[in-house]
Amino acid sequence: MVYHPEFKSAGQKPGLQVWRIEKMDLVAVPEKLYGRFYTGDTYIVLNTIKQRLGSLQYDLHFWQGSNCTTDESAAAAIFTVQMDDYLGGTPVQYREVQGYESKTFVGYFKSGLTYMQGGVASGFRHVASNEVGIQRVLHVTGRRTVRATEVPVSWNSFNQGDCFILDLGEELYQWCGIKSNHFERLKATSISKGICDNERHGRAKLYLCEEGSEPGKMLEVSLDVTIFLFMDMSITLVAEENPFSQNALESTDCFILDHGFSGKIFFWKGKEASPEERSAGMKAAEEFIQKMGFPKHTQVQILPENGETPLFKQFFKVWHDVAQTEGMGKAYVPNKVAKIEKVPFDASTLHDSSAMAAQHGMFDKGDGEKKIWRIEGSDKVEVNPSTYGQFYGGDSYIIQYSYQHKGCRGQIIYIWQGEVSSQDEKGASSILAAQLDEELGGGAVQVRVIQGKEPPHFMSIFGEKPVVVYKGGTSRQAGQTEAAEIRLFQVRSNTAGHARAIEVDAVASNLNSNDAFILVNPSGSMLWVGQGTSDVEKHGAKQLSEILGLEVSEVAEGEEGENFWEVLGGKMEYCTSERLKSKMDLHPPRLFACSNKTGQFHVREMAQEDLAPDDVMILDTWDQVFVWIGKQANEEEKTEAIMSAVQYIETHPATRDKRTPIVKITHGFEPPTFTGWFLGWDYDYWSCGPLERAMAALQQNTLNRSPACKKTMIDNNLMDFFFFFFFLKESISTGIRCNPCLFYLKIFVKIICRTDRYTRDVYKNVQLKKKKKLVSFDWNVKQK
């Protein structure tokens, strides 16, 4: 088969590539124009990701504008199928429709999507190409998934709740409705800057104005009366269907997974299915959508076998990847799964590597200060330090841990809840932990720990000794259940090299060849060592024997005597599979916004800027779930935060373990186990708001222009610099009262007055403001 010449460059290196269908041909789009789409055209977008093992993973999208022709759509579909075939049939295919794009697609364009009317000339219908100099209005909507849609040039297109950009070619006016939110203003600023930099090459002037303060030039523009309404829809990740069995998918056939209720259809291609069936995926999906009466904008994903996305896998009760083990050790063949680089554990570098701290769940080396209480009724009673690290499965505990990170003191409150602890004790532990957090200033990290799901850092704070969990417990001093004569303890290590010992029923079926066991027997205790036991587990078992005050004899698996089996009630079958040597990242972390503004969970790409200070966010790393509470979140969101995380775990279609640890994080007190999941975490990010930073960047671009250009802009009118008034006012109202604000004030005064005169004397600055007849607001900038 002869392939299109553009295919030669497709997917050769990691990154994003975009093509547009022009006159039934495939034409590459310049990188600086990524994220801008004509509503009369169709596009193909390929995202290439380099896997940990060096292989490449592909996500292939074909995008349809709302006004594209059937022929252009068909051409895009054909090119998509051919490109999929050229890349070996491994890409995951997506069908995208304007205004209803998948979260994966939207995530490629950090500055949002811009829809422009018109398109290129088609072989069947002519659509005139847009010209740079004509008048247009862009309607900016969306809280985090931002879309800028070209609407009729009319005042009827404007509303108080959104931001708009009036593009006059050489001049751009960013208009912010009085009810528009902080994020819309920020994204509108980002889009405006992108138009100036990329489409106008820095030659256009940008003016920012508020509703009711429009400059004369903007009011003079001829505006035709037309109405356009754009709805920004969101799609939830949680399915209502019962989880399916993976066995329902057979390699010899192709399958459609119908989730059309939420706007998604999946077409799964078995690797042994006929070529005709595999290539007809998109056509079959579209016919299915039509037959079922689903909207035309229903999203379609075409998935090759062994190339399934996490979104597809979550509809199955148990999903086995080719690199995943069954139970404790039946391994499959490695495949392209993980997207996060595996970081080997090294405690000595914890303070320097946030990524390692996050992947291994380690705040520090575990050598900080700790204090432990046990819940007794509605109170907490301090535990004797000599028994630290020993817990009862019928009790609940609170552990306060203090550590140092980057010169700052951090606090962690662990809430350990035994498997058979009563609901009253669990409830009391949560309430008392919240009270302790308030006593510590409200900045402590709260971690709910369920027995058997102890995170690595929790286990590390007890030194080299294993964490021991006994059966029984009555939540009162000296009231523990009397120990049985014959007891069995299972010892297992975690990825950070710490051991956990849990008392289990003394029966042979509980043995596991991957672990070590201590069998307590009055006539002679034994240390049973499985074939897959690690040195850490063996060492932990010996330490456990010392804690229990036992002299033990070592017994290797396969060399047991009859006495050993008699003590356990007879020989039985037990797990003998090998342990998985290295953990695969089968569940990429996902970030959710948990807000009562929409009442839904929204998955987001992971970036620090996605953490909204006025929201509660949920970060799911599979092994644990973080709840991040923004400073400006309302009281209802704060109150429902933990419950939202619990419900998220309980309603997950993949039947998640309900004991998954939940970690509560307060804005401004993020530990390295949280920040490590974000690339390039900036601890000073919120010292100045993102909107103010964006506006300052725009102003800096203005300062870098030629003197003639500066003079022209200054002489126009003070509205040219309206955004600086807004910036300074916002900075002061949000508490920024030190050098950054003074720096921008200096630039502001220098521009408005066209002089270098500037003083730190507050009175003189106020007089200067009055002399220049500037807008009145609080000028009281406190000094260091």
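Here the Cβ of each residue, glycine as well, is placed from N, Cα and C on the backbone.
Feature list (source: TrEMBL):
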- 24-105: domain 'Gelsolin-like' (DOMAIN)
- 145-215: domain 'Gelsolin-like' (DOMAIN)
- 239-312: domain 'Gelsolin-like' (DOMAIN)
- 378-459: domain 'Gelsolin-like' (DOMAIN)
- 501-546: domain 'Gelsolin-like' (DOMAIN)
- 603-674: domain 'Gelsolin-like' (DOMAIN)
Helix, strand, coil residue numbers for the domain 'Gelsolin-like' (145-215) per DSSP? 21 helix, 22 strand, 28 coil
Let me know the model's mean pLDDT on the domain 'Gelsolin-like' (501-546). 87
Residue counts (helix, strand, coil, in that order) that DSSP gives for the domain 'Gelsolin-like' (24-105): 23 helix, 31 strand, 28 coil
Just give the helix, strand and coil counts over the domain 'Gelsolin-like' (501-546), going by DSSP. 15 helix, 15 strand, 16 coil
